[in-house]
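Before any comments, here is the structure.
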Ligand SMILES: Cc1cc2nc3c(=O)[nH]c(=O)nc-3n(C[C@H](O)[C@H](O)[C@H](O)COP(=O)(O)OP(=O)(O)OC[C@H]3O[C@@H](n4cnc5c(N)ncnc54)[C@H](O)[C@@H]3O)c2cc1C
Ligand SMILES: NC(=O)c1ccc[n+]([C@@H]2O[C@H](COP(=O)([O-])OP(=O)(O)OC[C@H]3O[C@@H](n4cnc5c(N)ncnc54)[C@H](O)[C@@H]3O)[C@@H](O)[C@H]2O)c1
């Protein structure tokens, strides 16, 4: 039996990042993967794949916003061509993943990994020896508790459709439903688009006031958002699907899409046998990404942390560094989730970093805020965007505690606040650093968001 320093389970972004980072230090690594299409969700059916639809949808959204401002006809959209372009990209991923591992001297082992006991990992029942293990098995659509859940189209299937039908219902009011509903509103023959959220509000991790504003922007595009909607069943008939919600009218759709959360893909790992603790939220890890079994680490969507691609990568780097510290000596690393940016790729985007206002209130943290909605800065007058908004929260030391932006390129703008948080920067100082930003740009608009935090002596930060 061949033995390795490290066996990584999963060839998604987390698994590949761990494997490549370890291998470049001369550590012997194998990656175990049970899918016939290695490469993981982000590249094949997540972040990268969906962005093909986002780019086309953004063009449509911009054209519609500019109608009456010199753009006389919106472009025509062809979902199938976008899908084919996406496929041309995703189709190459499995091969390039295998080749990349091979070029780095990392063995690729096809099969399903599972623990036999705390010391033994098996692949399709055959033991595989290693000093350390990194679990990076990802997540999959969460099982849902109502009848007819088998009719739901998964996010992966949605991205593979030949075209969109006119009536679409999205189950769940989170990332996937909002993004895909916005794509459908721009790229499909949409007559009815519904988002059905079980809780009292959608977009739970985002700021309530800002989420409400994004809901207004969504409704303006014809997306109906239903809250407190418990689905008891989905029935199929010859006209499509009937979504049953007690106390409310039946809802009719041609397609019902799963956007109700992703559960860690850990059931086939037999974690109990490996003495690896877990909950329904994922594998329990400490700040070094170590599990309850000291020689087993976990990273990415399978861990009970945050389900985002670059979080998976960072966690994988932390795990790799801590394994290297044990194998070779050297410094250890820990995770810090305080400045993780999230972006909803809706149109406009909603990007946030740090705390929501509700979180600061519930933790009793003193803060001040600057907020404005329906921004009429020249940027948005030029683009015709009606729902641009921001909220900046600073703590009692005038440092950024949270930032929330609804805009085009909100993803780029939020990075400025992320950097400021990492470096514990004073908000007034951040203002001065942005006065000489190239003008006029989204980035130079940041001074308008920060001006309220320039304290006392107005020129003090110069
Ligand atoms: C529609 C969609 C859009 C998204 N958009 C974004 C976005 O814009 N930005 C962002 O940051 N994040 C986004 N995400 C989340 C992001 O895709 C994930 O956080 C990321 O892919 C997680 O990577 P991972 O390596 O942890 O897992 P994965 O990429 O899921 O990889 C896990 C791998 O492990 C394999 N595996 C599982 N069990 C076993 C086993 N027992 N043995 C062997 N192999 C196994 C699987 O086959 C898979 O290849 C999106 C997700 C979805 C679904
Ligand atoms: N842009 C991005 O970064 C991006 C995009 C897509 C997905 N993702 C990642 O993938 C994860 C999964 O995405 P998601 O949108 O499926 O989940 P989500 O966790 O973002 O949202 C799920 C929503 O569904 C609701 N819900 C749960 N069960 C329900 C039910 N039975 N009926 C109605 N509503 C129900 C929840 O209350 C929640 O609001 C996200 O949490 C995110 O981490 C990220």
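Keep in mind that glycine also has a Cβ here, set from the backbone N, Cα and C atoms.
Those TrEMBL annotations? Automatic predictions, nothing curated.
Annotation source TrEMBL lists FAD binding site at 51, 301. Under the heading NAD(+) binding site, TrEMBL lists 172, 173, 174, 175, 176, 177, 178, 179, 197, 261. The feature disulfide bond is assigned by TrEMBL to 42-47. Taken from TrEMBL, the feature domain 'FAD/NAD(P)-binding' covers 4-315. The domain 'Pyridine nucleotide-disulphide oxidoreductase dimerisation' feature in TrEMBL is assigned to 340-442.
Overlay of TrEMBL feature records on the structure.
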{"residue": "42", "record": "disulfide bond", "Cβ neighbours (10 Å)": "23"}
{"residue": "47", "record": "disulfide bond", "Cβ neighbours (10 Å)": "17"}
{"residue": "51", "record": "FAD binding site", "Cβ neighbours (10 Å)": "14"}
{"residue": "172", "record": "NAD(+) binding site", "Cβ neighbours (10 Å)": "23"}
{"residue": "174", "record": "NAD(+) binding site", "Cβ neighbours (10 Å)": "21"}
{"residue": "176", "record": "NAD(+) binding site", "Cβ neighbours (10 Å)": "23"}
{"residue": "178", "record": "NAD(+) binding site", "Cβ neighbours (10 Å)": "27"}
{"residue": "197", "record": "NAD(+) binding site", "Cβ neighbours (10 Å)": "22"}
{"residue": "301", "record": "FAD binding site", "Cβ neighbours (10 Å)": "32"}
Cα-Cα distance linking residue 51 (FAD binding site) and residue 42 (disulfide bond), given in Å to the nearest integer: 10
Between residue 301 (FAD binding site) and residue 197 (NAD(+) binding site): CA-CA distance (Å): 22
Those binding-site residues in 51, 172, 197 whose CB falls under 6 A of ligand 2, listed in sequence order: 172, 197
DSSP three-state assignment for residue 197 (NAD(+) binding site): coil
Binding residues 172, 173, 174, 175, 176, 177, 178, 179, 197, 261 (NAD(+)) - maximum C-alpha distance in whole Å: 14
Length of the line joining the Cα atoms of residue 51 (FAD binding site) and residue 176 (NAD(+) binding site), in Å: 12
Whole-number mean of pLDDT values that fall within the domain 'FAD/NAD(P)-binding' (4-315): 97
Separation of alpha carbons, residue 47 (disulfide bond) and residue 172 (NAD(+) binding site) (Å): 19
Residues among the recorded positions 42, 47, 176, 197, 301 that border ligand 1 - Cβ under 6 angstroms, in sequence order: 42, 47, 176, 301
Residue 178 (NAD(+) binding site) and residue 47 (disulfide bond), distance between Cα atoms, whole Å: 14
172, 173, 174, 175, 176, 177, 178, 179, 197, 261 excluded, remaining Cβ within 8 Å of their centroid (NAD(+)): 170, 195, 202, 203, 259, 260
Euclidean distance between Cα atoms of residue 301 (FAD binding site) and residue 176 (NAD(+) binding site), Å: 15
DSSP helix/strand/coil residue counts for the domain 'Pyridine nucleotide-disulphide oxidoreductase dimerisation' (340-442): 34 helix, 32 strand, 37 coil
